[in-house]
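Contents: one structure, followed by commentary.
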Amino acid sequence: MSVDLQQLLELAIDLTGQAGTLVRDSRDRAITEVDTKSSSTDVVTAADKAAERLVVDGLLAARPGDAILGEESGDHAGTEVGAGTVRWILDPIDGTVNYLYGIPQYAVSLAAQIDGEMVVGVVRNPVSGEVYTAIRGGGAYRDGIRLTGPGRTELAQALVATGFAYDRQRRARQAQVVAGLLPLARDIRRFGAAALDLCAVAEGRVDAYYERGIQPWDHAAGGLVATEAGVRVAGLRGAPAGRELVLAAAPALFDTLHDTLVELGIEKV
Ligand code: IPD
């Protein structure tokens with residue numbers, strides 16, 4: 001049975017809207033219940049858990065056959081798991097540290113994948129109200145405005161966003177790569193929410209974004225938004241974007257930035 005991608009998109013818009021409202025409006029209460037995960041930088045609040053529950057329950061109610069991967073609760077197998085099954089990938093709050101500190105740069109990120117291919121992506125910033133959407137082959141939009149990616153193709157003129165893993169030793173090595181890149185690019189930004197970083201490339205607010213050690217829920221939806229805006233999104237040495245590297249840049253900048261990161265030792269990070 002073929003899947004109506006528009007229906008998936010509408011469901012994702014609805015559920016990220018509900019979750020975004022919950023997250024935004026429960027911040028005062030949620031940040032009094034904070035746990036750490038892999039390190040003191042890797043935090044989870046009561047709102048992460050409540051928003052994930054809301055979206056998972058909504059997906060299970062609307063589409064019980066689908067599979068779901070959530071940052072906080074892991075894998076949920078649907079009733080129809082097999083070829084052609086829709087698999088949702090959810091980050092209830094991407095940018096949890098920003099959320100904790102009241103920095104208005106965090107998002108609810110929800111993507112749908114079929115047979116390993118990302119087909120729908122929604123990234124919602126509940127504070128600014130901006131909603132980024134994409135359907136495979138249908139373009140990328142912010143609040144209905146078509147996104148066309150950044151224009152700059154020279155590294156020396158490129159504003160490059162990045163992020164850091166939670167492991168402290170990795171962070172030290174990631175800092176060395178940033179130190180090498182800084183004199184070669186226009187400047188570096190570390191906003192703290194990978195999904196929004198990818199959407200920022202899609203709309204040309206930055207020229208590129210890269211990060212090593214990132215999780216599927218961080219880049220699934222934003223990666224599709226960027227791709228559909230004409231941005232090249234890929235990983236290390238021609239591999240798909242993944243834990244080794246997520247690199248997003250205009251096609252004419254991509255190889256230069258990729259090769260520069262390799263020369264600077266990104267593979268040792
Ligand atoms: C984190 C953010 C951050 C990135 C980290 C992610 P989380 O996601 O996207 O910008 O640098 O790698 O883990 O933990 O806030 O959902």
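Just so you know, glycine gets a Cβ as well, placed from its N, Cα and C.
A TrEMBL annotation is a machine prediction, not a hand-curated record.
As given in TrEMBL:
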- Glu71, Asp91, Asp94, Asp218: Mg(2+) 1 binding site (BINDING)
- Ile93: Mg(2+) 2 binding site (BINDING)
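Around Glu71 (Mg(2+) 1 binding site), the same-chain residues six or more apart in sequence whose CB sits under 8 Å from its CB are Asp48, Glu52, Leu90, Asp91, Pro92, Gln215, Trp217, listed in sequence order.
Secondary structure from DSSP puts Glu71 (Mg(2+) 1 binding site) in coil.
Using the Cβ center of Glu71, Asp91, Asp94, Asp218 for Mg(2+) 1, the list of other same-chain residues with Cβ within 8 Å runs, in sequence order, Leu90, Pro92, Ile93, Ser109, Ala194, Ala195, Gln215, Trp217.
Cβ packing within 10 Å was compared across the binding-site residues Asp91, Asp94, Asp218, and the lowest neighbour count falls to Asp218. Secondary structure at Asp218 (Mg(2+) 1 binding site), as computed by DSSP, is helix.
Neighbour list (Ile93 (Mg(2+) 2 binding site), Cβ cut-off 8 Å, at least 6 residues apart, same chain): Val23, Thr45, Ala47, Asp48, Ala51, Tyr99, Tyr106, Ala107, Val108. Following the DSSP three-state reduction, the secondary structure of Asp91 (Mg(2+) 1 binding site) is strand.
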